[in-house]
Amino acid sequence: MECNKVLLDSVNAAVRRNLGKAVIALALLLLCSSLIAPAVLLSAAGGDSGMFFSVVLAAAAVVFLLVMQYGFTILLAKLYRGDRAVLGDLFCGFRDFKRVCLLSVLFGVAAIVLCGVIVPAGMALFFASGREMTTAAVMSLVPVLTFVCLIAYWLAVMLPFAFAYFVLYDNPSFTVRQVFKAAARLMRGYRLKFLLFVLRVGGWWLAAAVVSYAVGFVLSGSVSAALLAESRGVASGVFSLARILDAVYFVCAYMALIRVTMGGAAYYGARIADSPSASGPIPLPDTSALSDAPALPLAGDSALPPDEN
């Protein structure tokens, strides 16, 4: 497999070359998310449509956003590979809706199960320490539990099957079961290496996102509440600083998301090229024309064969 240095250079070159397109695609994805969520909330608040309709609408919105997330992942993968990519690729999941929907729903169910275990356990541990069950206490737990759920979901679900979207796109004849098996086979023995590579690709953007989130949480939580009792002027300044950190987190987190997604595409291509079970590797991007990154070897055109088992 290509060394991490070569892969990292190819990711850096791809990000520099395609950052504008990636940011526009991300903005469109966020716009769709921001339009759908309020619509679901307004429908639920109306009350006259019934609880069942509200639940169905919310589920449909979640599925829509998951399919859009698949499209965003594939669009960035195409940008990394040097393929022709357009904003319409954000909606490519709807052309293969059955498989993409099933795969996304399974990921969503796994997230719900993890949250259903972590959130009650976290709240039980918190209040077992003698804290009062107040609204403020519960609200202070939300960012912490959200962060824990995200980390647990990434390590337990996304890491073992990180290549699932790429395998699904490159192998239109695969069933979802075969996609999961192929993705797990490609990741077998490489989880730690892939995790370290992702952290390296995320780099300072990922580190800045984590730090700004943590510091912003502390400032808007316990420290701000304590200052509020002493001086409203100081508290106002602290809250303003927290909002600035929120903006820093927003920029750094989404920049890290773009880099990590392209990094996943890079690692997937390298694993395909290195996999003895593949009949032929997936094309890697031709970076020979770039002056700021070493050239990666080009691969063949075929995808993974189906798992006979």
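Using the three backbone atoms N, Cα and C, a Cβ is placed for every residue, glycine included.
Keep in mind that this is a model prediction, so the values were computed, not measured.
Summarising the annotation, TrEMBL assigns compositional bias 'Low complexity' to 288-299.
Positions annotated as region 'Disordered' by TrEMBL: 283-309.
Positions annotated as transmembrane segment by TrEMBL: 22-45 (among others).
What TrEMBL lists as transmembrane segment is 51-79 (among others).
According to TrEMBL, the feature transmembrane segment maps to 100-128 (among others). Beyond its flanks by at least six residues, the transmembrane segment (100-128) meets 62-63, 66-67, 69-70, 93-94, 137-138, 141, 144-145, 148-149, 152-153, 156-158, 161, 164-165, 168, 176, 179 of its own chain at Cβ-Cβ distances under 8 Å.
Nonlocal intrachain contacts for the transmembrane segment (140-168), taken as residues 6+ away from its ends with a CB within less than 8 angstroms of a stretch CB, comprise 70, 73-74, 77, 96, 99-100, 103, 107, 110-111, 114-115, 118-119, 122-123, 126, 174, 176, 179-180, 182-184, 186-187, 191, 194-195, 213, 217, 221-222, 264-265, 268, 271, 282, 303-304. The transmembrane segment feature in TrEMBL is assigned to 140-168 (among others).
The transmembrane segment annotation in TrEMBL covers 194-227 (among others).
Annotation source TrEMBL lists transmembrane segment at 247-268 (among others).
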